[in-house]
Amino acid sequence: MASDLSAQKLDAGLKRIDEIEQELAAELTTAEEEVSAARDALAQATAKLSQVRENHQAITERRSSITEFRALPRYLRRDQSQTEELLRPIAGYELESADDSPPPPKAPSPSPAPVSKKRKAKRDPAPAAAAAAPASKRSKRAPEYLPACPTIVKTDEGTWVELRCSVCNGNTEPQKGQFYKGPAGLQKHLQTNHQQKVTRADVIVRCMHRAVSDGEVEKIESGEVEVERVVGVGQGKATSGRKGKAAGGGGKSRVAVPEEEEEAEGMEAEAEVEGGAVAEREEEEEEEEFVRPSDSVPDTEEKRLRLELFRQLQAPSFTPRD
């Protein structure tokens, strides 16, 4: 009787084992299917990752191209075909906004005073002191540049560019070893060493070397990155001083100053005296000079009057010649 009971229990155990084997076989099949699906998903994810990396690289390169093109002056960005090429769709993304509505009209600007009247006031040295403007007003008109590297300036469009001499590719003064002080420093360098009559607006257009990103500007300000110094040279030997000691004694003698340098310094001294009124007229003229740089050269009569005014202002401080 006991043996029959034992046989029944064994048969029941074998039957349970058969059921467990069937369940495990079904779970094994399901697991294999999940592994296969996971492998397919991994392959798809790997391919998608590669495509996303390619798209990201293409977008980064397009951004760099647009930034460099945007930093160019207005008259160099008139090529609509190049603009359309830079804004064409890339990697399935549209770069142009769907909103084609025109921008809101700008507020009308006040009409400028006639240039002829300003020039008449400029040639009269009597009211020069009364016409002087505060330094704060003039400083707002000066281009912003980095104190760590003054040859890196911000354009009217808000982008940073590096300036170098368009003739000798220099950005550093030979005597002092310091960077030229913005467009004004390069303007004086071009006038003194290369005998080129240019305005500060001409300097920004002609001497634009490359565009500088905001990230690089931060690194330059923090001292993490240093800008390469290229010593500027001239076509001829320029005189750097105005007065010096004679070779035979302690008396002072006047050092010869080239006519071009003396005239340039006279123009700068006159601009300092006339103040804001002159700065406003020069800014209006600079708007035209971006299109026609040749108009910036003053006529002979105006240059003569500038030089005469400079000599009158500086006459008390000069040492009489022997």
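Glycine residues also receive a Cβ, built from the backbone N, Cα and C atoms like all the rest.
Features of the protein shown, as given by TrEMBL:
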COILED    14-62  coiled coil
REGION    70-146  region 'Disordered'
COMPBIAS  76-87  compositional bias 'Basic and acidic residues'
COMPBIAS  101-113  compositional bias 'Pro residues'
COMPBIAS  126-136  compositional bias 'Low complexity'
REGION    235-303  region 'Disordered'
COMPBIAS  258-273  compositional bias 'Acidic residues'
Whole-number mean of pLDDT values that fall within the coiled coil (14-62): 93
Secondary structure composition of the compositional bias 'Basic and acidic residues' (76-87) [DSSP: H/G/I, E/B, coil]: 8 helix, 0 strand, 4 coil
